[in-house]
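Trainee: Below: one structure in structure tokens.
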Amino acid sequence: MSGFLNDTIAAAATPMARSAIGILRLSGPGAVEAVSAVFQPKNGRPLAGCGPHRLVYGTLFDAAGRPIDQALATFSRAPDSYTGEDTAELQCHGSPAVLALGLEALFAQGARQAGPGEFTRRAFLNGKLDLTQAEAVADLIDAETPAAARVAALQLSGALSRRVEAVYSLLADLTAHFCAVLDYPDEDLDPFRAETMERTLDEARSALRALLDTYRRGRGLVRGVPCAIVGRPNAGKSSLLNALLGYERAIVTEIPGTTRDTIEEKVELGGVLLRLIDTAGLRETDDTVERLGVARSRAALEEAELALVLVDPRAGADEEDAYILREAEEKAGRVILVLTKADLAGGGGAAVALHGENPPPLVSVSAKTGQGLDALADAVSKLFPQGAEETDMLTNARQAEAAGRALEAVEAACAALLGGMPADAVLSDVEAAMAALGELTGRSVCEDVTSRIFERFCVGK
Ligand SMILES: Nc1nc2c(c(=O)[nH]1)N(C=O)[C@@H](CNc1ccc(C(=O)N[C@@H](CCC(=O)O)C(=O)O)cc1)CN2
Ligand SMILES: Nc1nc2c(ncn2[C@@H]2O[C@H](COP(=O)(O)OP(=O)(O)OP(=O)(O)O)[C@@H](O)[C@H]2O)c(=O)[nH]1
Ligand SMILES: [Mg+2]
């Protein structure tokens, strides 16, 4: 990707696939001129003379000047555009051939192919979006559930940034206070001022803690709640995964120890986006490959926020199942006990054998007939109530890491203040917190971090 901001980029903003409408878009100083050169408005005026933010009907020509489509064109002038640069768009019929010819014509006018996320990257560099908003653009496009889309839309509107900026501005005020003190280093901090600072730091600390508390839920909504399917070999784990997905994703056989490596797939169940992880059956084994698989099962449980513990009641629930259940409760926190193969007869006593003092929700399902899958969905939905009160949340590891660092620095500043450390020691912690918050919003962030973020985007976004 070119480092220059002063060239003109072009890309298809819609998939290069047969569809009703296909959009080509451009950004950069030559955007309006390039489109004007390949598009003739029906009204006879040149596009640039038609005024910005309008849709103008006309004919699109290929690089050889042959008409290739009847299209709509529009343009915006810097800085009043998505990228903050001059931008232009051609809304064509959604034919891959038309879009390819149109792009070729635009390249002939000096535009070059845009890289992934390059439009949004320019919007960020021109101050149109901050980093959390840019991430929200990608999350919105990737959203797999209505709830994920709502969280991303809120973040795109700047809700998360405003929440972070509020803490940043508390700390900035505090720094101003400190600088006043540092001007008279020999004088003690006057008690009134010390108390104000303490209160401000306290407020910043609570705000950051509350913010960090949103991460688990935010990540679950956007990326899916990690959900491990565990149980003894042959319990029916892979069959349940397949039944929930609606296709034969995992290999199923009657041989215990079939699944070796973990398999991960997303599925919406009970209104909750789950990242299902099918695992190798948990047992002692001498087989090297299977043993590595079992280790991965344990790792999946470690990472999970929900565990489906599968028991085939006909195999007879025993100490081993009880052990897996305890391990799941300990590691994942939330557990649903799933009795499998409900279409077969027998095995009624298993549930009783496993029900301890605080029994987890229990459902009986058949991967073969689909019976009980609704009950499983209900159980999931009860464990993850979907609040209508979606608020701004941290949604990815980058944001959570930066917020965590800010919190640590604020805690260090609190400790320094209470411990009677010199003002400049407290100040340096406050500055570290501000720097971390600056990274969160992108106010201060290095080039390789932003590059990594924009690589995730589609071409044309
Ligand atoms: N056809 C089309 N649809 C699209 C986009 C696009 O670029 N083209 N978008 C983009 O990816 C998204 C919409 N986002 C946009 C954000 C800002 C501006 C814009 O022109 N902002 C100017 C002027 C605002 C105004 O009219 O007041 C500005 O912020 O100054 C346009 C689209 C989704 N839909
Ligand atoms: N009748 C019936 N058979 C099932 C059902 N679910 C699984 N089975 C059978 O049980 C056997 C084991 O199923 P799997 O899904 O491979 O079990 P698993 O827990 O993934 O086993 P491992 O990968 O070896 O740990 C296979 O023969 C399946 O056909 C069910 O709901 N009804
Ligand atoms: Mg399996």
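Glycine is treated like the rest: Cβ placed from N, Cα and C.
Those TrEMBL annotations? Automatic predictions, nothing curated.
Straight from TrEMBL, here's the annotation block:
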- Arg25, Glu89, Lys128, Lys461: (6S)-5-formyl-5,6,7,8-tetrahydrofolate binding site (BINDING)
- 224-385: domain 'TrmE-type G' (DOMAIN)
- 234-239, 253-259, 278-281: GTP binding site (BINDING)
- Asn234, Thr253, Ile255, Thr258: K(+) binding site (BINDING)
- Ser238, Thr259: Mg(2+) binding site (BINDING)
Trainee: With an 8 Å cut-off on Cβ-Cβ distance and a minimum sequence separation of at least 6, pull the same-chain contacts of Thr258 (K(+) binding site), or say none.
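Mentor: Expected: Pro233, Asn234, Ser238, Ile251, Val252.
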Trainee: Have a look at the binding-site residues (Arg25, Lys128, Lys237, Lys461) and report the one with the fewest Cβ neighbours inside 10 Å.
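Mentor: Among the binding-site residues Arg25, Lys128, Lys237, Lys461, the sparsest Cβ neighbourhood within 10 Å belongs to Lys128.
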Trainee: To which of the binding-site residues Asn234, Thr253 does the lowest count of other Cβ atoms within 10 Å belong?
Mentor: Thr253
Trainee: Please work out the mean pLDDT for the residues of the domain 'TrmE-type G' (224-385).
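Mentor: PLDDT averaged over the stretch: 91.
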Trainee: Say you check the Cα of Thr259 (GTP binding site) against those of the binding-site residues Arg25, Glu89, Lys128, Lys461; which is nearest?
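Mentor: Closest recorded candidate to Thr259 (GTP binding site) by Cα: Lys461.
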Trainee: Given the binding-site residues Arg25, Glu89, Ser238, Lys461, return the subset with CB under 6 A from an atom of ligand 2, ordered by sequence, or none if empty.
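Mentor: Ser238, by Cβ distance under 6 Å.
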Trainee: What is the interatomic distance between the Cα atoms of Lys237 (GTP binding site) and Lys461 ((6S)-5-formyl-5,6,7,8-tetrahydrofolate binding site), given in whole Å?
Mentor: 39
Trainee: Over all shown protein chains, what is the count of other CB atoms within 10 A of the CB belonging to Pro256 (GTP binding site)?
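Mentor: A 10 Å sphere around the Cβ of Pro256 (GTP binding site) contains 14 other Cβ atoms.
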